[in-house]
Amino acid sequence: MTRATLGQNQYGKAETRVVRVVRDGATHHIKDLNVSVSLSGDMGEVHYSGSNASVLPTDTTKNTVYAFAKEYGVDSAEQFGIHLARHFVTSQETIHQARVRIEEFAWERIEHGGEGEHSFVRKGQETRLAQVTFDGVSWEVVSGLKDLTVLNSTNSEFWGYVKDEYTTLPEAYDRILATDVAARWRFNWSGEEGELPDWQESYAQTKRHILEAFAETYSLSLQQTLYAMGARVVEHRPEIDEIRFSLPNKHHFLVDLKPFGLKNDNEVYFAADRPYGLIEATILRDGAEARIPVDLTNL
Ligand SMILES: O=c1[nH]c(=O)c2[nH]c(=O)[nH]c2[nH]1
């Protein structure tokens, strides 16, 4: 009887999303990685007979990523990858090769006038948006942005909420708050050429107010932060009457490192991509009419 032969094979956990926070007093540093581990070695039997005797579980490789983030920190993706690859090959007889691929997401600090250095914006441009409507008589100009990703590594809490028989969420007194800001704002421009807003300056300042309000608000909920961002825009930009936000709550869960004898002092987080909370609201200048559609994807 001919037997089919197993060729090249590898296995591991792909895309472990780990955020490592280093707290140097009020100054925080973050590293944000997507780590994929691929192991190969004596893996004939698991494929041929189903014996798992040579298999280090992929779940373990994920845990190792989190534990090493705590123990060794993340100086660079390369150094972190070296620690991991060496560990798998030297600690397990059945594993002869480890390949660790890492994507690193780059962040920069949000410059602002408030206290603390724990507010970050993802590097790279957000997408700027504009919609102009004219019916021969009146004008409507709505501007906006999407994919402005921001993170506060402290000054965010969430507690005191309604609890029913399905509520399991633990109250949080120091959590990460992160979101991809999508916003649209409506100008009150009447159409008079002499009263044209400076569109470039208006966009730059509105974005600045959104970032500063995010950084400077001590948050008890993403809803409160949303309101603070919108109120700040309406209060500082007289040309804007209305602003609507759609904010995904990009959850960062503290990893339980106790099984590995390690304490997680708000340092190592699992960055979940879905499901996510979705917080949406319009903030209006007093007396202004709401005209931006509820569903921003329709704009
Ligand atoms: O800022 C938050 N607002 C919520 O409404 C909510 N709900 C939840 O589970 N976590 C959070 N966080």
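Including glycine, each Cβ sits where the backbone N, Cα and C put it.
Annotation source TrEMBL lists active site, charge relay system at K13 (among others). Annotation note: K13 (active site, charge relay system) sits in a coil segment as assigned by DSSP. Note on K13 (active site, charge relay system): other Cβ atoms within 10 Å of its Cβ, all shown chains, come to 19.
Feature annotation from TrEMBL assigns urate binding site to T58, D59, F158, R175, Q223, N249. According to DSSP, D59 (urate binding site) sits within a helical segment. The Cβ of D59 (urate binding site) has 9 neighbouring Cβ atoms from other residues within 10 Å, across all protein chains displayed.
Annotation source TrEMBL lists active site, charge relay system at T58 (among others).
Annotation source TrEMBL lists 5-hydroxyisourate binding site at F158, R175, Q223, N249. Within 10 Å of the C-beta of R175 (urate binding site) there are 23 other C-beta atoms, taking all protein chains into account.
In sequence order, L177, A178, T179, L222, Y276, G277, L278, I279 are the residues of the chain that are 6 or more apart from N249 (urate binding site) and have a CB within less than 8 Å of its CB. In this structure, N249 (urate binding site) is part of a beta strand by DSSP. According to TrEMBL, the feature O2 binding site maps to N249.
The feature active site, charge relay system is assigned by TrEMBL to H251 (among others). Cβ neighbours of H251 (active site, charge relay system) (same chain, under 8 Å, six or more residues apart in sequence): A271, A272, Y276, G277.
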Recorded positions near ligand 1 among K13, T58, D59, R175 (Cβ under 6 Å): none
Other residues, Cβ within 8 Å of F158, R175, Q223, N249 Cβ centroid (5-hydroxyisourate site): S156, A172, L177, S219, S221, L222, G277
Site diameter for 5-hydroxyisourate, Å, by largest Cα distance between F158, R175, Q223, N249: 15
Proximal but sequence-remote residues of the same chain as F158 (urate binding site) (Cβ under 8 Å, at least 6 apart): E171, A172, R175, L220, S221
